[in-house]
Amino acid sequence: MSDIPQRLLMPSVHDANLWQVRVRPGKERDLVFSLMRKAIDLEFSNRPLQILSAFQRDSLPGMIYVEARSAKQVSDACHGLVGIYPSRGIILVPIEEMASLLQIKKQDLTVTPGSWVRIRRGKYQGDLAQVMDITENGEEVGLKFIPRIDLNPKDDGALDALGKKRKKGAVGLASFSMRPPQRFFNYEEVVKVYGRKAVSKRNQVYVFQNDTYKDGFIEKDFRLTALQLDSVNPTLDEITRFTRGQDGTENESNVDLSIIAEASRKAAISVLQPGDHVEVFEGEQAGVKGTVHSIEQDIVTIQPIQVDVDGQRIQLPARSVRKRFKPGDHVKVMTGQNADETGLVVSVEDNVVTFLSDMSMQEISVFSKDLREAAEVGTGTNVVGNYELHDLVQLDLQTVGVIFKTERDSFRVLDQNGQVRLVQPHQISMRRDSNRAIATDSEGHELRVNDNVKEIDGEGRKGRVLHTHQSFFAFLHNRDYNENGGVFVTRARSLVSLAPKGSVMKLGSADLSKMNPALSGGAMGGMVGSGNLGRGPRDRLIGVTVMVIKGPSKGYVGTIKDTNGPVARVELITGNKVITIDKAKLKRRNPDGTLAPLEGGFMGPPRGPVNQNGRTPNPYAQQGGRTPGWGVGRTPNPYANDSRTPAWNATARTPNPYDSNKTPAWNVSSRTPNPYAADGGRTPAWSANSRTPNPYVNAGNATPARPTWGGATPGRPAWGGASPKPGGSSAAAGWGSPQRPAGSSSGWGDSGWGEPPTNAQTPAVAPTPAFDGPTPGAFAAPTPGVWESYGDFRTPAVDLSRNAAATPGITGPDTFSNQEGEFELPARWLLDPDFVTKKGMVVEVRESFGANGWHNGDYEGKDGVVLSVFDTHNETFAAMARVRFREPLVADQDVLTVPVELLRPVHPSDKDENVMILHGQHKGERAKVNVVEASLMVVTTADFVVEEITAEKLVRLSPEAS
Amino acid sequence: MSQAQAAIPPQPRAKQLRACLLCSIIQTPADFRKHGCPNCEELMQMKGYPDRIQACTTTHFDGVIGVIDPEQSWVARWQRTSKYVRGMYAVRVKGRIPEDVEAELESRGIKYRPRDQSEQD
């Protein structure tokens, strides 16, 4: 019988079947016993149980299997038993699966001396223990672990017999938190508490309360079932504690970390991957290094390197190899406490690898099994949840702290009292924004985030201000300090700025009257730092008019009241409702109704919606009068990017649809408003051959939109009126432009177009501004002849009163001068009231030749610095300026008096030069060049107004003057 | 059906239940001491010897089979207990019989099959 191989014992169709029956989990064994007893009881009754056997497997909870010929027999057998549920189905087990039910094999956990286990229950629950020996039948193991002796027993009665019993109960009850800490057995300590009698000594071993203690460890036998054998994962801390022994010096020889490997070998197998560099550390092949070629269960095939057997692969048990790293490798931790840390390996000792973390710059020791080579630099752990490193977070009502380390799903936070806490994201009530917080340092200067400061007392630590809290605490960061990731907390009052604050700071922002809440008025809320402290709004977006572009509120316009991270609170104009909405769903709404991206375009100082140089945010405003939110301070006029009139597309066209760069009626160069004149200077109605006032006839410059002259315009019946829109749509627009109001319609309409040209009246006034305009084009294309012939003909829509007619909406006086080349400094510019009192301008001598030449032109081209200007206010006596020449012809005579006409400004060419603005709104003001572009310079005036200006309008100031 | 029958342990949850390393029958230690192993007492000689019981039986077993009709049952045949008495058997028993018993088996020409399912044939 016993000789038959098991495979021949496989069930056949003649055998009874197995039936799976559901039972209450945990009652499986009971029910098998119950069925057995029931079968025996009923054996000789009328109706004996027909089942042949019943069994249960621990690995299959919630079910038992009954061997019977039919399901009926099974349900009969189950009848009357508690905890068995035949109603949930008596399921037939297929024949081929029957054997496997009995072959289920639990993962065999072998316990060998030296391996690590954890204790499942009791006082030592969860504690790590080392196996010392195993009884022959494998049921009990002798363990060695760190004892937990209560050195503060509750009452002394615990020692007598009665007390012992009570104590036992107490131990059983002892909650996890109440248990005494792990501590090595110390004879003196124990004797002091429990008395000499309680401890007896045999050889090297102490016996105390029926437990034996050796070398500080308790040695105790445990049943295997009370131990956790798998996934023990001893931490390095535990192991070192273990191996260090009682007094920290003992067991030096025991500091053999390879024993940890013993415990974690199984894990090690699973972390091996093909391609890993490994070394064999035990067995015949010990010392062989190679790369993993393949893994099959517990067998790894490695390709050795640096060995004679190259080309030959070695098969090894996975437990005998370990990952190999060498100093300099860049590694990443895959599992454990330090998961996701990356760093450079600095040392390798057996299977403990020490690396320098990329993030914390600290050395971390981990087992090599937890490491992988990785090129990436750890990033992921700086942000957990909504919080990231160096955030100021509110922990509870009284406590705030700064995150100085992020771990896998928790933070280390340094609170304002200097205590370190480990907090989970959910324990943080909110993130604080300390941008609003105000604090002053020891000198009374305002302390701002990112200032570099130093402690004036204590340790004199230096650091960068991360946050301030309640005007009192300052969180600083200095990566030179290892402690707490370089973050420390100190009192703001004990700090001093490392960099001296600029004079601007002292004079400007540190205005004490502004800091005083009492002076700033009730509207400020009386809270320090809440008002206008000259720092602009705390968020540039606050106050911005936006339009919702997505979601249920799409299309609504509102104002941003508050922002918090990616969301903004928007007060809608309609319904006076405040909604919280994602910023991505918002667009900035310009005054002219156009939309722009919410953020970006803030290159200038964050002044919010306030116009930079005080002009109104007129969308039609010219260069200089720009509203923020546009490029480098461009006007919000979406169509204009320079000094062009509004309503014309970005290619800088003027309303004249037939021309480029000219305003419809008002031309930069004061040309005639003839919309059809392409070469300027012509009255609209006149053709070059002066024949007809037909405004559509042009001097060889047929406008593109009017391909045929035959195409008559409406209102000109004589011309046939074939086309209702002779000029096309653009022409129509031109007619509709405000420059040609009634004049065009009534004029055109009234004047008989069909009449002979001699007496035909153009609806406009003849003297076009072109004639007194300075534009050369006007003269180049003279129309006077026309005008003389048809003197009373008027060009349509010319406003005669304004030769320098301005385009509508143009506010600046420099409207027409913005185009380059058109600015020309007067010869006697130095006598301009804005300049005459100034000095320090760098000038050069020009046009000093000639009959009334000055110094025979010797000083032509020489440059110098204006010391003073003397205006005679008299034509008889020339105005003179005293100029100190840089390279005087006569060595000791460097200051000369020069006629102002000869002095021309020297224009700046480089960044950071001090300049004075010669033209524009800021005329006469000092400024500094910030950016030099091809033709433009961006300058900042003393009032911090940023201006974009051509170099011609700037004069260099000598460094001494500033 | 009137065959021999092992003592059925009264308390299935009892922690001290032990399984014979040779025949895998489950009994309480008291029953082992009182009656020995109902199947292999001849070899094991546990009756009255607690030390011997400790060596030849174990608490480390997995799965309980109630064998009601060993002759007919395929389960019993698969477990090679069909010639044994009725009773509770373990599916799997961890450990090996003492060496003296193993030697005795060998001398009788009986192949020892450990019941820990480590060997399959």
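Any Cβ shown, glycine's included, is placed from N, Cα and C.
The domain 'NusG-like N-terminal' annotation in TrEMBL covers A:15-105.
DSSP assignment over the domain 'KOW' (A:110-137) gives 0 helix, 11 strand, 17 coil. The feature domain 'KOW' is assigned by TrEMBL to A:110-137 (among others).
Residues or ranges marked as domain 'KOW' by TrEMBL: A:271-298 (among others). Helix, strand and coil counts under DSSP for the domain 'KOW' (A:271-298) come to 1 helix, 12 strand, 15 coil.
Taken together, the residues of the domain 'KOW' (A:324-351) have an average pLDDT of 81. The domain 'KOW' annotation in TrEMBL covers A:324-351 (among others).
According to TrEMBL, the feature domain 'KOW' maps to A:446-471 (among others).
Per TrEMBL, domain 'KOW' is recorded for A:539-566 (among others). DSSP assignment over the domain 'KOW' (A:539-566) gives 0 helix, 12 strand, 16 coil.
The region 'Disordered' feature in TrEMBL is assigned to A:590-783.
Among the features that TrEMBL reports, compositional bias 'Polar residues' is placed at A:610-625 (among others).
Residues or ranges marked as domain 'Spt5 C-terminal' by TrEMBL: A:624-808.
Per TrEMBL, the feature compositional bias 'Polar residues' maps to A:638-673 (among others).
The annotation compositional bias 'Polar residues' is assigned in TrEMBL to A:686-695 (among others).
The compositional bias 'Low complexity' annotation in TrEMBL covers A:717-748 (among others).
Positions annotated as compositional bias 'Low complexity' by TrEMBL: A:769-783 (among others).
In terms of DSSP secondary structure, the domain 'KOW' (A:908-935) contains 0 helix, 11 strand, 17 coil. Summarising the annotation, TrEMBL assigns domain 'KOW' to A:908-935 (among others).
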Other parts of the chain folded back onto the domain 'KOW' (A:446-471), taken as Cβ under 8 Å at six or more residues beyond its ends: 390, 392, 400, 402, 416, 432, 434-435, 437-440, 477-478, 481, 486-488, 490, 492, 494-499, 505, 509-510, 515, 528
Most Cβ pairs under 8 Å with the domain 'KOW' (A:324-351), selected from A:271-298, A:539-566, A:908-935: A:271-298
Same-chain residue ranges lying at least 6 outside the domain 'KOW' (A:539-566) that approach it to Cβ under 8 Å: 386, 431, 572-574, 578-579, 581-589, 591, 595, 598-599, 602, 606, 608-609
For the domain 'NusG-like N-terminal' (A:15-105), the number of residues DSSP places in helix, strand and coil: 31 helix, 27 strand, 33 coil
Within-chain partners of the domain 'KOW' (A:271-298) [C-beta distance under 8 Å, separation at least 6 from its ends]: 258, 261, 304-307, 313-314, 316-325, 334-335, 350-351, 369-370, 372-373
